[in-house]
């Protein structure tokens, strides 16, 4: 089954995107190193994967490392890189066994070559899995995403493969990250911060936003269910009127 033809249950999001925020502050409030928070954050991410598999949610996109995170203290960045390599060594096989496809979006060329090799191996190993598509945004920024898409189209115009008047939203969208997936139905951010922080700026134009004060290391199935209950109570309009939504019937929303 092609991913864009998955039937839509209007009370259950197909695709959830999450900013996993609050690891460092969670640790600092407990007088622990920020690295302790990041370790706990990995466990929260795995709990979230478990929840999506249990509920039948087909796509999960996690903001793991932003393009701005390179400006954090060097020891914290180095720890995150080392932890990522260890995670790929232990966790990817388990994700593969459970039918999870792993993808990475972002500027991976900035990472150490060993980490890039782990990313590539993880993608190849899990490429045929369809139970859950897990996209990890690493060294990613929404503005960067749009810039790269615009640059690709500009190169096509310069090469004579494309006319400027042929460029529209659909064509630009085809060059964005996650272009082969439906846009996120629901966006979640933890830690009480109410910002989207340069995450999936293009992709979340009509996404339902949900914020919680819970720090990411404490994020669990109870909080996720609260988010889903809230989502189920909302009416997604996509710019339409109540009458237009009613005439379309349940489940007929843009892919």
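Each Cβ is built from the backbone N, Cα and C atoms, and glycine gets one as well.
Listed in sequence order, 189, 190, 191, 193, 215, 216 are the same-chain residues at least 6 apart in sequence whose CB falls under 8 Å from the CB of residue 21 (active site). The active site annotation in Swiss-Prot covers 21 and rests on sequence analysis.
Swiss-Prot lists 21, 208 with the feature Mg(2+) binding site, giving sequence analysis as the kind of evidence.
Per Swiss-Prot, substrate binding site is recorded for 22-26, 34, 38, 66-68, 70, 72, 189, 195-197. The DSSP secondary structure for residue 196 (substrate binding site) is coil.
Here Swiss-Prot flags 69 as active site, proton acceptor. Non-local neighbourhood of residue 69 (active site, proton acceptor): 77, 80, 139, each in the same chain, at least six residues away, with C-beta under 8 Å from its C-beta.
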Residue among binding-site residues 22, 24 with least C-beta crowding, 10 angstrom cut-off:
24
State which of the following binding-site residues has the fewest other Cβ atoms within 10 Å around its Cβ: 26, 70.
70
To the nearest whole angstrom, state the Cα distance for the pair residue 22 (substrate binding site) and residue 208 (Mg(2+) binding site).
21
How many Å separate the Cα atoms of residue 70 (substrate binding site) and residue 208 (Mg(2+) binding site)?
29
Take the C-alpha atoms of residue 26 (substrate binding site) and residue 208 (Mg(2+) binding site) and report the distance between them in angstrom, rounded.
26
